[in-house]
Amino acid sequence: MTTRRTPWVLSGVLAGLAGLATSYATAMVLTIRESPVVAVAEQVIKLTPGAAAERAISVLGHWDKPALVAGILVLLLACFAGAGLLARRGWWWPMLVWFALAGLGLASVLLQRAAGVVDALPVVVGLVTWVTVHSALTDALHRGQRRPELESHERRVFLMVAGVVAVASVGIAVAGRFVGAGRRHVEVSRRLLRIPGVTRRQAPAATSLGLPGIAPWETPNEDFYRIDTTIALPTIEPDEWSLRIHGLVDREVTLSYSDLVARQMTESWITLNCVSNEVGGGLVGNARWSGVRIADLLADLSVSAEADCVLQTSHDGWFCATPLETLTDDRDAMLAVAMNGRPLPIEHGFPVRTIVPGLYGYVSATKWVVDYEVSTFADAVGYWTTKGWSAEGPVKIASRIDVPRSGDEVAAGEVTFGGVAWHQHTGIDGVEVQVDGGAWQPAELGEVPSVDTWVQWAVTLDVGEGDHEVRVRAVGKDGETQTSAIARPDPDGSTGLHAIEISAS
Ligand SMILES: Nc1nc2c(c(=O)[nH]1)N[C@H]1C(S)=C(S)[C@@H](COP(=O)(O)O)O[C@H]1N2
Ligand SMILES: [Mo]
């Protein structure tokens, strides 16, 4: 076998294709994005100078992208074959190719807009498959080489493994395609959906102080933080969605999507944040939510007097118990169908999720929600409350410095500081900034439409040369001043003041 190159090339190519198949399938199962190969193609397009891109388009027409993807696949095949041949020299040689390609793939997926760690997973899965399959195949070849008397036996082993790998790869790729098609189908339904009563309105101008570096008052959907316990996002067609409301009610109902959107629509700007957010962290965002008030829905069903919570369950099996009071008082707790004027993104709970102003997400903001059981806290527990988080989760007052960034060097003299502060459903009355433990200086606040959103703040202070520590604190409309006492996120939200270090020269 030493002289024959074919089995080595074959093992490299098969192992590479197996890796492509699993990485494609992983991408399809995990996300609505394309596979890593397409991510590479997109990076190539981004890095191609305009003139060269135009020439390619004029020659290939709109076949330019398929041609590019095909070109990348051909190059990949050549690399797989090369890795196969390199394995003849020793087991570690192909690693050069493995890690070069995996590095390229990783860089491409992570450079995509709003990429997260999960986007790296298809590349990792593909690499692991490739390495494992390649080792299995070349082991058989090496054994055959060392022991010529076993050669025909090892050849059979090789061919068997190769056959299994080929069949499994095709199967996995087809399964991935199938899952991905379902997901894309829901994405198309989502894009085509026009929901009566959902309007697209820009944030009121006065909410922004116009200081570069502060988080935009309206968080774009693509930049909104995400917390999911599921890796594969549920994909639910609106036609297939329903919400059952039952438990301690006189009359139980099951609402379809069309039942829901036929009702009176409400729209509000509401800031949502995660109980796991560290002081100064980014697990918070503000959006304009459109949906149906839960209070109106529950009023129709006559909730029994002993009930004090609603146990919400999602399509993916996540659950939480929400204080009944927050769903029935005058706040805009809603079954939301749209976010910033667009149907909810799949990642944020399409087609329907719950939004409750004033509560952390873990006790209220159920995405892909399908079941409401009116109940009592004595009987119901949430996903996170079983893991030691507190049962009721009112948000705590918080503030953050966005600009300058900690570690920045600034010019001594007048320095403008800015950021955001929030205390949903109570409201922010003032924000104060302190340099090196000195006097607290009041900041200017942006305007807000209600007490349910965050507020931008900014202040310009005179800063002398040298290193400084700058801290921020907020004061709520209820008179509460944000505490400097440090608490960890668990069990009911972090406290402490956000501080940055800057050096002025
Ligand atoms: N189905 C489901 N809903 C969920 C969660 C989840 O993991 N699964 N996480 C919750 C938590 S902890 C938070 S903070 C918010 C986050 O919502 P977002 O991902 O839209 O920002 O959703 C809540 N709803
Ligand atoms: Mo959360």
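Glycine is no exception: its Cβ is also placed from the backbone N, Cα and C atoms.
Sequence annotations record features per position, and here TrEMBL assigns transmembrane segment to 67-86 (among others).
Residues or ranges marked as transmembrane segment by TrEMBL: 91-111 (among others).
Look at TrEMBL and you will find 117-137 (among others) tagged as transmembrane segment.
Under the heading transmembrane segment, TrEMBL lists 157-180 (among others). Beyond the ends of the transmembrane segment (157-180), by six or more residues, the same chain brings 7, 10-11, 14-15, 17-18, 20-22, 24-29, 133, 136-137, 140-141, 144 to within a C-beta distance below 8 angstroms of the stretch.
Residues or ranges marked as domain 'Oxidoreductase molybdopterin-binding' by TrEMBL: 232-378.
The feature region 'Disordered' is assigned by TrEMBL to 483-505.
Residue counts for the region 'Disordered' (483-505) under DSSP, helix first, then strand, then coil, are 0 helix, 8 strand, 15 coil.
Counted with DSSP, the domain 'Oxidoreductase molybdopterin-binding' (232-378) comes out as 25 helix, 60 strand, 62 coil. Within the model, the domain 'Oxidoreductase molybdopterin-binding' (232-378) shows a mean pLDDT value of 96, rounded to a whole number.
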